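A.B. asks: Annotations per Swiss-Prot:
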SIGNAL    1-23  signal peptide
DISULFID  Cys29-Cys77  disulfide bond
CARBOHYD  Asn33  N-linked glycosylation site
DISULFID  Cys43-Cys92  disulfide bond
DISULFID  Cys46-Cys130  disulfide bond
DISULFID  Cys54-Cys108  disulfide bond
DISULFID  Cys58-Cys110  disulfide bond
DISULFID  Cys113-Cys120  disulfide bond
Amino acid sequence: MLGLHVGTLISLFLCILLEPVEGSLMQPCQPINQTVSLEKEGCPTCLVIQTPICSGHCVTKEPVFKSPFSTVYQHVCTYRDVRYETIRLPDCPPWVDPHVTYPVALSCDCSLCNMDTSDCTIESLQPDFCITQRVLTDGDMW
């Protein structure tokens, strides 16, 4: 009985001790400026811009004992409030609409991943990945 009590106290002490370390190493879920690429099928260039996206740590719990009858929901850092902006891609042929709309994060939240607004994959392409030739927003080529 005493061993169980001491083990509980040690666990509690470690949680209190490590809490500031964990908090300082992991950024909270919040909007951050990120370089992203905008491209469209049929247009020869990829426009690289800076825009706020949601990024950061969300507390999640993985159950020790997994049951086939229970569902585990993992929370991710995703958009709470979002505004959409439209930009014109350069050098698109006349038959391709050169406009691309992208989300701008106004605020973020730890919640279930919404496939309509977020990339919920484990390993995805970087946000500034381009298939076509890259162009910076100030006109410089990469």
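Note that Cβ sites are derived from N, Cα and C of the backbone, with glycine treated the same way.
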A.B. asks: Need this for a regression test: recorded positions Asn33, Cys43, Cys46, Cys58, Cys92, filtered to those with Cα within 10 Å of Cys108 (disulfide bond). What's left?
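C.D. replies: Cα filter at 10 Å returns nothing.
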A.B. asks: May I ask which residues of the same chain, at least 6 positions away in sequence, place their Cβ under 8 angstroms from the Cβ of the residue listed as 'N-linked glycosylation site'?
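C.D. replies: Residues satisfying the criterion: Gln50, Thr51, Pro52.
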A.B. asks: Test of understanding: give the count of other CB atoms lying within 10 angstroms of the CB of Cys46 (disulfide bond).
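C.D. replies: Cβ-Cβ neighbours of Cys46 (disulfide bond) within 10 Å number 19.
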A.B. asks: Between C-alpha atoms, which of these disulfide-bonded residues comes nearest to Cys110 (disulfide bond): Cys43, Cys46, Cys54, Cys77, Cys92?
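C.D. replies: Going through Cys43, Cys46, Cys54, Cys77, Cys92 one by one, the Cα closest to that of Cys110 (disulfide bond) is Cys77.
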A.B. asks: Spatially speaking, which of the disulfide-bonded residues Cys43, Cys92, Cys113 is closest to Cys54 (disulfide bond)? Use C-alpha to C-alpha, please.
C.D. replies: Cys113
A.B. asks: Got a sec? Which of these disulfide-bonded residues, Cys43, Cys58, has the most Cβ atoms within 10 Å?
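C.D. replies: The most densely surrounded of these disulfide-bonded residues is Cys43.
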A.B. asks: Restricting the comparison to the disulfide-bonded residues Cys58, Cys77, Cys92, which residue's C-alpha is spatially nearest the C-alpha of Cys46 (disulfide bond)?
C.D. replies: Cys92
A.B. asks: Who sits close to Cys29 (disulfide bond): which same-chain residues at least 6 apart have their Cβ under 8 Å from its Cβ?
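C.D. replies: Counting only residues 6 or more apart in sequence, the Cβ neighbours of Cys29 (disulfide bond) under 8 Å are Cys54, Ser55, Gly56, His57, Cys58, Cys77, Cys108, Asp109, Cys110.
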A.B. asks: When neighbour density is defined as the number of other C-beta atoms within 10 angstroms of a residue's C-beta, which of the disulfide-bonded residues Cys77, Cys108, Cys110 has the lowest density?
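C.D. replies: Each of the disulfide-bonded residues Cys77, Cys108, Cys110 was scored; lowest Cβ tally within 10 Å is Cys110.
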A.B. asks: State the count of C-beta atoms found within 10 angstroms of the C-beta of Cys113 (disulfide bond), not counting that atom itself.
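C.D. replies: There are 16 of them.
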A.B. asks: What does the structure give for the C-alpha distance between Cys92 (disulfide bond) and Cys113 (disulfide bond)? Integer Å is fine.
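C.D. replies: Cys92 (disulfide bond) and Cys113 (disulfide bond) have their Cα atoms 33 Å apart.
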